[in-house]
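Q: Please find one structure pasted underneath; my questions will follow.
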Amino acid sequence: MTATLERRESASIWGRFCNWVTSTENRLYIGWFGVLMIPTLLTATSVFIIAFIAAPPVDIDGIREPVSGSLLYGNNIISGAIIPTSAAIGLHFYPIWEAASVDEWLYNGGPYEIIVLHFLLGVACYMGREWELSYRLGMRPWIAVAYSAPVAAATAVFLIYPIGQGSFSDGMPLGISGTFNFMIVFQAEHNILMHPFHMLGVAGVFGGSLFSAMHGSLVTSSLIRETTENESANAGYKFGQEEETYNIVAAHGYFGRLIFQYASFNNSRSLHFFLAAWPVVGIWFTALGISTMAFNLNGFNFNQSVVDSQGRVINTWADIINRANLGMEVMHERNAHNFPLDLAAVEAPAVNG
């Protein structure tokens with residue numbers, strides 16, 4: 001009898017836990033994805049803060065020349081970063097127990113792996129949690145689909161690119177200047193500015209910003225006034241009301257006269273789908289571009305493609321970019337190798353023709 005009661009009590013505790021996790025009445029929805037998201041993001045955040053403040057220098061290139069990234073070792077907020085795991089580790093899974101000591105683990109950049117892997121798992125669970133909450137509330141799943149764009153971008157930069165290049169040391173450092181360094185080196189090695197998928201991503205981000213600003217300004221400029229001139233227009237509305245708060249016909253008419261008739265939307269659902277899809281698709285393409293360049297399928301190369309009737313090279317903007325890329329590549333990992341890979345080839349490419 002006692003055993004039966006204990007089993008029932010145990011089952012009820014588990015049942016209460018399940019109900020609490022999946023309840024949409026909580027101030028913050030937990031969800032089953034949240035059960036995994038919370039510890040992974042807390043781990044990533046905690047290790048990041050501690051390492052950013054106090055981590056010792058890391059031998060990023062695997063040549064016994066450690067690079068300092070933390071505040072206590074001479075950096076500031078701008079120059080500080082979590083230095084990627086050493087090239088000596090490569091793509092090996094490198095938890096603390098794989099190192100001979102904590103000092104060795106820190107020297108080889110172990111914190112970078114633990115942060116990145118927990119972070120990627122955490123943001124993927126956050127995306128799943130968005131879908132889960134939408135499902136519980138009877139909503140459509142497009143919020144999670146939109147969030148998949150930054151998740152794909154982060155996965156491309158922190159996981160796919162290191163896999164393609166053969167080492168976590170090629171991942172993006174976790175800091176402000178480290179991010180810019182990653183961008184410069186990426187341009188030098190992969191000519192990303194000449195990759196069409198990156199161009200689509202730029203159009204998506206800047207276009208999305210423009211369209212959001214246009215939409216917000218049009219809506220706030222065409223509110224339906226429910227109050228007198230002596231009261232704020234905001235006082236005429238309440239959260240969740242069924243009536244329209246702005247006049248889309250007026251906004252459509254204004255914008256149609258400002259540009260031309262078919263440049264504006266007269267359907268609210270089409271408009272908001274466009275506002276969501278434009279930047280999301282652009283960032284998807286950028287993530288796909290990073291993932292292809294990870295395996296050295298690089299941007300277009302038009303170097304020395306224009307010649308005169310006598311075969312002499314007429315320099316174009318592509319040749320200027322090529323020269324800049326070589327300069328950036330020479331500066332990168334200057335002690336790890338004497339020449340960038342394309343200069344160290346059997347036949348170096350001519351720059352001046």
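Heads up, the Cβ atoms here are built off N, Cα and C, so glycines get one too.
It should be emphasised that the depicted structure is a prediction, and the values quoted were computed from it without experimental measurement.
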Q: Labelled transmembrane segment by Swiss-Prot, one stretch among 29-46, 245-262, 335-352. Can you tell me which?
A: 29-46
Q: Please find, within the list 87-108, 197-218, the residue stretch that Swiss-Prot describes as transmembrane segment.
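A: Going through 87-108, 197-218 one by one, Swiss-Prot gives transmembrane segment for 197-218.
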Q: In sequence order, which same-chain residues at least six apart have a C-beta under 8 angstroms from ASP170 ([CaMn4O5] cluster binding site)?
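A: Listed in sequence order: PRO84, TYR161, PRO162.
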Q: Checking distant contacts: for the transmembrane segment (197-218), what same-chain residues at least six beyond its ends satisfy Cβ-Cβ under 8 A?
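A: For the transmembrane segment (197-218), the list is 251, 254-255, 271, 274-275, 278-283, 285-286, 288-289, 292, 299.
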Q: In sequence order, which same-chain residues at least six apart have a C-beta under 8 angstroms from GLU333 ([CaMn4O5] cluster binding site)?
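A: ASP61 - these are the non-local Cβ neighbours of GLU333 ([CaMn4O5] cluster binding site), listed in sequence order.
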Q: Counting other Cβ atoms within 10 Å of each Cβ, which of the recorded positions HIS118, HIS190, HIS215, HIS272 scores lowest?
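A: Counting other Cβ atoms within 10 Å of each of the recorded positions HIS118, HIS190, HIS215, HIS272, the minimum falls on HIS272.
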Q: Can you tell which of HIS198, HIS332 has the most other C-beta atoms within 10 Å, given these are the binding-site residues?
A: HIS198
Q: To see if you understand the setup: which same-chain residues, six or more apart in sequence, place their Cβ under 8 Å from that of GLU189 ([CaMn4O5] cluster binding site)?
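A: In sequence order, the residues whose Cβ lies under 8 Å from that of GLU189 ([CaMn4O5] cluster binding site) (at least 6 apart) are ASN298, ASN325, GLU329, HIS332.
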Q: With every protein chain in view, how many other Cβ atoms are within 10 Å of the Cβ of TYR161 (site 'Tyrosine radical intermediate')?
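A: For TYR161 (site 'Tyrosine radical intermediate'), the 10 Å Cβ neighbour count is 22.
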